[in-house]
């Protein structure tokens, strides 16, 4: 299909185009990776495997790893009590009875909890991976063992990738009526290859910036014949993926790669959107001296009021110990600026894509690259100066830190609710367009997660509800109140 | 006019209905008040005064106070460099040449800087006060001395109030074509009394929640025949009035009234909107243990992530030292809860109106009220327990602290730009409706204020602007990106 | 007496030499001062007053104000529960039975609670004021009404001051055996005038830096014939007077005088001792950009690790909005530097004495001083530049903010315990020297104040105590572990 | 030798007894460990190796790794500019000319920078490892290649350990006159085996708590015939090892082991000494709700003022998500309390020894231990509840995080200065006792490290120095002003 041909490799393209929560599970697989030592080089496509119920309708690395995968799923469940609580509440109603869901997401312990929740609510599921590297083989085995038809393994080829998607969709006697997608590949495969099946889909839930972008394009072109919910832009997901997650992962990413001491370090954060705000807050709290660069005067004024000097990068480039880009822009740090950085300074990217730092400009003969640790390169100038480049300018928090299961729980719960909403919505509520999750559901996702913090909501009295003109059960904010994506994402959609 | 008759007194009603920056100048007058010791009891309406140019077209307390008022204005100018910079940039163009502006605002040193800016840009101005108590007499004198027709003094009667408005509007040989209003009284007076003049107005700029609410009502009723700009909801104004200002004024208000030590105090903040967030951040930073109550699960989840326990008030009512309401709701603290508070605990309101604490319920025979300082009452229970009530439950930061001139500068600059925009807009840009300030102007206000902080904006390169799909000079955010008013305001509009 | 002759006035000298908690009650009197409107110009020395028990052994402004003073004392008691709890615990034992205490301190509601505690524990007390301005007349009346012989009023002359001291000490049929002093004037008066009475004193408790300095001088000279306890340097008092109090009072002092907005302000703190640390923490928390100057590399390194740029004042003098001195040094801000400050910048002192800012250098003909509020002067340069000087360079927190009653409770409790210790110590425990409060008593003062915060101490098990080699009831730190006074104080002692 | 016989293994004993900076390099070796893949099982003692100068006076794993080790040393030098600057300043004077130093420390890139500094200052050095696991083989090779006689490799046996020490000391034609020790093993070996050599030693510099303790014991017993400097208790070292390092390493340790999200977590910190203060500050800053337990009322009062609830562990044991011990005490978390913890809660130790959590009590048949990652055990109760135990209760920051090179630079610089001081001190300055580093040298170490932060010290004018009674070059604090070790250390010494 023409749309996909421009990408050099699946993995390469994807790492640029995903929002945080989607791709970040990549690194999370590390927890389980030590068990995955099988040196079996046989392609799963060439093996015949049978689960203990006698089924062969799956294709994973090694069905025998199911037990270990089950343990990983159980550990993940501990931090996903909101999703389990949704599972419990809705289990008797079976709101997804009759739903036939094809899914294309990262396959990890956390998504396994989601898939098994969907099954518990009545759905039949077939699943494949949205990334050729991110599958936890043991988890895929555990799901296959319990009867979910999973087609995915770590280290797929591009051909394998599309083969797996096709096997999910194109199976005899089973026709999907719901799509859960992360990146839009599954959606577009169906749209192109199986247009008749696609037309009968009751709803699509899409997770990623890229996938949402593709849906909006289809919609604009008048070709989207199915309602879709964009879960990427729901309030809780965005705040967690950006502000709160980055507040923690900037510290984690820097520490794991460089063991740098934060106290007293002079750091410049390029961009004061949600990601930049999170990075600034964390580094300031740990004793760094933080500067901000901004193009937008309103964000700049916020930075001032929050106690950060707003400067141009050139004013302080010779001074700073660390540069962190969070802009969504390109060439925010140029070769000229890298030339002027101090010996031993660190440069990394928390923003949208790997173009924020002009890494390409560093690949010139006079500079020596020395890989000192995984994800850590010393770029050495002819005079011996070293600049430490992390993750080759790709997203630091995807490459060098992990995403807490709690955050993935918010995403997964939102996806589950979106599927339930689309599947059960009365005729006419959703047309052939891209929707945001209704505000009330956003609030419901949030409320399910409050138990984790032992937080107790106050309820309005009848009198107060009347005074405020609100329903006692919410929504408490109008539908138009929602997270405004930072510039980096906005400008793309 | 019928619309106003329900208010018992001008001052009483107003103190409930204004957003912070409007009414807060009340207390600011204290700085100058020590000079205002004239015991002259003659009503200004009965005096004949002449300024040094021979004009009598004004009515103030005492024109001889002009010199002192001039000094106050000069001091205010020091913190309003953004407005002065606008004055300087636009002075040669005279973008308000031909504008005849009637204004009804607080008359303070800060608004004088605004008025004199409008004059410098070419406008003719007539001015009156939107509050019977808030006029700085010396400032009114200084303005009158330089030829602005001011009709206002501190301590007007209600009759004086309307007389002054009428004198502004209804003068021979001068017909206003622009309105700058704060509260909507001037607008409605003209709408009712001088409908023919009103129709020819080119634009209204309205500052207050109340005034904006009235404009929306007129608009809905199809009776608004003039375009209006709502400056109350511009991003910079809202962030400063709520988050940043409250962060400082909660400390100031508590300290000036009670000298309480913040360190170690257990404080509950009811409501985690922008105001609540500001209060929480400040008190946490100074060593208080802060709890939050919320009705909205999304705000509650934010409070959790920011490190605050989310509780129901009843769970901790016996424990806390201070209760601060920031909800916009009513009866958030009930008599029953006040009965259970500790001896010596403090209760106050930073929210929308004086109904958040059920103060009425405290006016019962068994409780003794003891006024221990200005704005500070001890409510004494029969067993000797004292609860300290601040400002009788009215807004603490309006009653007991001041608003920095810098914040008023943001408001004033926004007003000036809105007037320029409406006066110069080409036919068809604005219809007979209520508008928000265009995003680009919001950004311009912000950029003018960056100089105060010696903050330097980064400019996009051509290549970057193209990549982002933005104009190099902004706007950097879409028009729909704007401040979302907190619940308290939303529910009213 | 020769020692005192160098001081131009009592009030003048004292304001320079006191540590915070002593003199800070000056400003606290403002709370009550609105009642003190009697225009009675008669000197109390010329009046004959009788309390309701028929006693005339006191000299106050107006005994009829006793009832109002009683209420002030009751309000103070609310925040001094630790002292009341000590009163309650020791009341039956009467550990001060037989003690005849002469005291010379500020006479405020808070010291009244101390005096009445001493009486409750069995002591007889005669009291006078250590500052000619700081007496709360109503409180003096209330004490006199209940039988404490108080000789003090607001606005004493220097002659009155010594007359009052003399009347305390020199009364027929009553010979003091304990001294509680604040500044050393009472001690030296007795030492010089009544050497035979002085020799029989069982102990002196001294509160102030100055007084402690004088005692050490006497001790070095071999002339101190009485044991003394220096309560100025106890851990809890110092931490509260310096770090925790200044953290709050810097904000309060700046806000009350200038209404300045902290957010975004560039502030330099000269000195990173405890006072500087408190100021830095508070201003950083409220969004100021804070720089530090230091002479001591260890403190400088701490500032770095805490996230502050360490600079020389000259490097940033043109940049900063606020300068705050906390050094104990002199001429830390020179005329040359003041000449280079920005228009509208603020300069003030939180350190040891009024010499930190070279205020004298500003009193030259080319500069105009304009008093714009109480404690606020605009210094105007010939080019119109204004620098805002607070409290004429004297201590900001003494002049322009208040000290929380809780802090005064710590001081008062420490004083009471020191008196009990000295009065009851077995022969030989204390010689004719100056002592610090035993560590265990310091810990006891702290433990009494924990109840205010509902804080619960953990108790060691027998096994743990043995493992740590500690007594289960403390002391938990060795006696040599104690607060190390900041440079400013050290260098003086 | 009898003294050491009680230890089951060298490694086991040591991990309990070292202060942070000593043992923490253990984990740091991981950076280089990936290169150490040689499967050569031959003991270095059985090999004959020659460096490129023909010397065989060393014993390391593989001399051919010297080049790689050199690169590691060069990388370390980047963050040790203070030590290099000392090297440069003192190089021409050769203050250690004639010094023959035997050293027993961790052998890492950072200590290599120290050793090469000593050589540059004129010393001859022989070196061995103080820990059988911590040697970076490549670094040992690089040192040996340049002529330092190193006897150490990773994975020594206990017999190897003493053999290496002996080879350092007992060599023909070379008699040591200085000792640099970390743990006291080298010192005691010489004291016992070579008493005549020991007597001629000019000074000992000891780094560890254990070693210092042994020296004090010798001194008390009158057997210490050599002056020694205790560098463990110098101000800068202690502040960095405890407060500042733990502020960062608590976050790092928790994240690397559990990927836990800090925001909203309820955490109890047992102990509010320097370590506890660091942990509390970091976790609060990242949005955790932090409680403190304390036995000492003074520390408890500080915790209150810093905004933490002070509780007994039992009050909140069912509530908290994370328990962190920082007490130096034993059985601070008991089995009974572990039984009551929530499912999924985390327990770990940042304090003195592995006895703070009663880990032994968890090794009972009804509980299942499941190792889920390196250093992470799930303890599973019969009802399925899991408690996550980190590092089996040993020090989290030694086991699961790294120490920044900057901190090691402070330690190394202090050691170098102590050696210079002892070697050059005039007769009589030091007797046969244990000394702290003179205050002035402490200040010098701090000042050398300021350059890293681009921090600029202010210098006193002559007039100011006179006013303060200080020398312009320091010391600025009296010698008795120094870091007070936290309870955990105090009680042991």
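Residue numbers in this text run from 1 along the chain shown.
Placement of Cβ uses the backbone N, Cα and C atoms for every residue, glycine included.
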Listed co-binder of NAD(+) (same site as B:273, B:274, B:275, B:276, B:277, B:278, B:294, source TrEMBL) among B:137, B:397, B:424, B:431: B:397
Structural state of residue B:273 (NAD(+) binding site), classified by DSSP into three states: coil
Confidence summary for the domain 'S-adenosyl-L-homocysteine hydrolase NAD binding' (B:242-403), mean pLDDT rounded: 94
Surrounding CB atoms that lie within 10 Å of the CB of residue B:108 (substrate binding site), all protein chains: 26
Among B:273, B:275, B:276, B:277, which are recorded as binding-site residues, the nearest neighbour of residue B:207 (substrate binding site) by Cα: B:275
Distance in Å spanning the most remote Cα pair of B:273, B:274, B:275, B:276, B:277, B:278, B:294, B:397, given for NAD(+): 21
Other C-beta atoms that fall within 10 angstroms of the C-beta of residue B:278 (NAD(+) binding site): 23
Fewest other C-beta atoms within 10 angstroms, as judged across B:273, B:276, which are the binding-site residues: B:273
Diameter of the substrate binding set by C-alpha atoms, the set being B:108, B:182, B:207, B:237, B:241, in angstrom: 18
Using Cα positions only, nearest of the binding-site residues to residue B:273 (NAD(+) binding site) (B:108, B:182, B:237, B:241): B:241
Which of B:207, B:274, the listed binding-site residues, has fewest other Cβ atoms within 10 Å: B:274
Intermolecular Cβ proximity, binding-site residues B:207, B:276, B:294 versus chain A, under 8 Å: B:294
For residue B:182 (substrate binding site), the number of other Cβ atoms found within 10 Å of its own Cβ: 31
Residue, out of the binding-site residues B:241, B:294, whose Cβ gathers the largest set of other Cβ atoms within 10 Å: B:294
Between residue B:237 (substrate binding site) and residue B:397 (NAD(+) binding site): CA-CA distance (Å): 16
For residue B:277 (NAD(+) binding site), the one of B:108, B:182, B:237, B:241 that lies nearest, given that the binding-site residues are compared by Cα: B:241
Nearest-integer angstrom distance between the alpha carbons (Cα) of residue B:275 (NAD(+) binding site) and residue B:241 (substrate binding site): 9
